[in-house]
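A.B. asks: My questions all concern the structure below.
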């Protein structure tokens, strides 16, 4: 991927001034493009299109990210903290004490991200741990290494490419890298240059391309914030919600999983920003003016694409979610895995896990789930889905380069936050059957249940930053607090039945950090 950007990184000298900031005008990078034959300019439009030529595969519909860098001083301080966490009794009391004594002043969200649970350093990264290997002069420049913001590519690559470069074995995006917010601002402010329908799926989704050649998946608004899923609807026949995609990204970040591609909301002019820029004739032909003189369209898809399910503006403004794309599959292959607790997607037939209480024992003996952290990652995903009421987790994906020792990507969260008045306990079956959880996840859940932080308050504060705020109504926020208590109760019952050490995998050990995996029993 980076070979297509010849010699760009060499423009930066060793005395980096870091004069550029991530929030700088996103169009500035384009001004660096040189004439043909120049060795120092930005690559031409054709090269960028190769980089961002996204696949039509059904699951290649999301995201980006950036690599968290830690200075030598910060790393040594972090390691000192973790050294204090080792030892049988000391390790179990240190973070528990931090949970009780954490002082919240001003922003709850800021205080949360300063908590020891949210400042754990990554293991040292080698080439095999990064999705793309960027050969820059930083490797030979000690001054640049001490100041990670001075990367030669930081002030010249567009934000979506900087995200892609930063993906690594352990995270989709880092906790505090400002490029994330910069890219979300791009998705809201960049001019939309083309629009096309995404193939596959039961509902209409659009691929939008922007002036900086970045792309995002647009899910238009189908329901208002107040509309609950009717009680007689099957989970697989429900509408996807644009605000659920936005809220899922914020929830994933608060849980410190960072496995959902960045998502933001945007108000789009259906005439100027969709109809007038699309070259998709099938999409263009579905535009019409309703009896109320509103602009409408319905596109083509498996189920909900007809005049009866048309998307109409007021008169031509419609809101939707924009999810940043992952790198093209030709550049970074991904593997799609069937969720062991996949539902039957049948009106009468039940899945095996719904009728066999010992189903998890079979899963634990299956290759992939019999070692490593994959089963524990499934438990994380189970908790994540239960908090937002998402029953539609049939598959998940991983980056092929990292093999089985890597995080799982939480794609397609549009069927979350449908019912605030109902807690779907069947989503928690994997957790109650397996009785396994990472210690870091367990401690964060306990932290988010405390009044000083409180999950609903954190979500409300985080969602206020979105341009379409408010994203969730109060009942949905309160439902998350209620569901969090249910998750903690399931874990408490597991611990009482099987013992703490048999339920909670201690992934906070220094040894675990060095290997990137939880210690095996």
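Each residue, glycine too, has its Cβ placed from N, Cα and C.
Bear in mind that TrEMBL entries carry predicted annotations, made automatically and left uncurated.
Relevant sequence annotations retrieved from TrEMBL are reproduced here:
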REGION    1-44  region 'Disordered'
COMPBIAS  1-12  compositional bias 'Basic and acidic residues'
BINDING   203, 219, 240, 323, 324, 325, 326, 397, 412  ATP binding site
BINDING   240, 412  Mn(2+) binding site
DOMAIN    287-504  domain 'FAM20 C-terminal'
ACT_SITE  392  active site
A.B. asks: Give me the count of other Cβ atoms within 10 A of the Cβ belonging to residue 412 (ATP binding site).
C.D. replies: 27
A.B. asks: Please state how far apart, in Å and to a whole number, the two most distant Cα atoms are among 203, 219, 240, 323, 324, 325, 326, 397, 412, the recorded ATP-binding residues.
C.D. replies: 21
A.B. asks: Please identify, from the recorded positions 240, 392, the residue with the sparsest Cβ neighbourhood, meaning fewest other Cβ atoms within 10 angstroms.
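C.D. replies: Least crowded of the recorded positions 240, 392, by Cβ count within 10 Å, is 392.
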A.B. asks: Using Cα coordinates, what distance in whole Å links residue 412 (ATP binding site) and residue 392 (active site)?
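C.D. replies: Checking the Cα atoms of residue 412 (ATP binding site) and residue 392 (active site) gives a distance of 9 Å.
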A.B. asks: What Cα-Cα separation, expressed in whole Å, is found between residue 240 (ATP binding site) and residue 392 (active site)?
C.D. replies: 10
A.B. asks: Ten-angstrom check, please: count other Cβ atoms within 10 Å of the Cβ of residue 324 (ATP binding site), all chains counted.
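C.D. replies: So the number of other Cβ atoms within 10 Å of residue 324 (ATP binding site) is 27.
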A.B. asks: Would you please pick out, from the binding-site residues 203, 326, the one with the fewest other Cβ atoms within 10 Å of its Cβ?
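C.D. replies: Among the binding-site residues 203, 326, the lowest count of other Cβ atoms within 10 Å belongs to 203.
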A.B. asks: Taking all residues of the domain 'FAM20 C-terminal' (287-504) together, what is their mean pLDDT?
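C.D. replies: Here the mean pLDDT over the domain 'FAM20 C-terminal' (287-504) amounts to 94.
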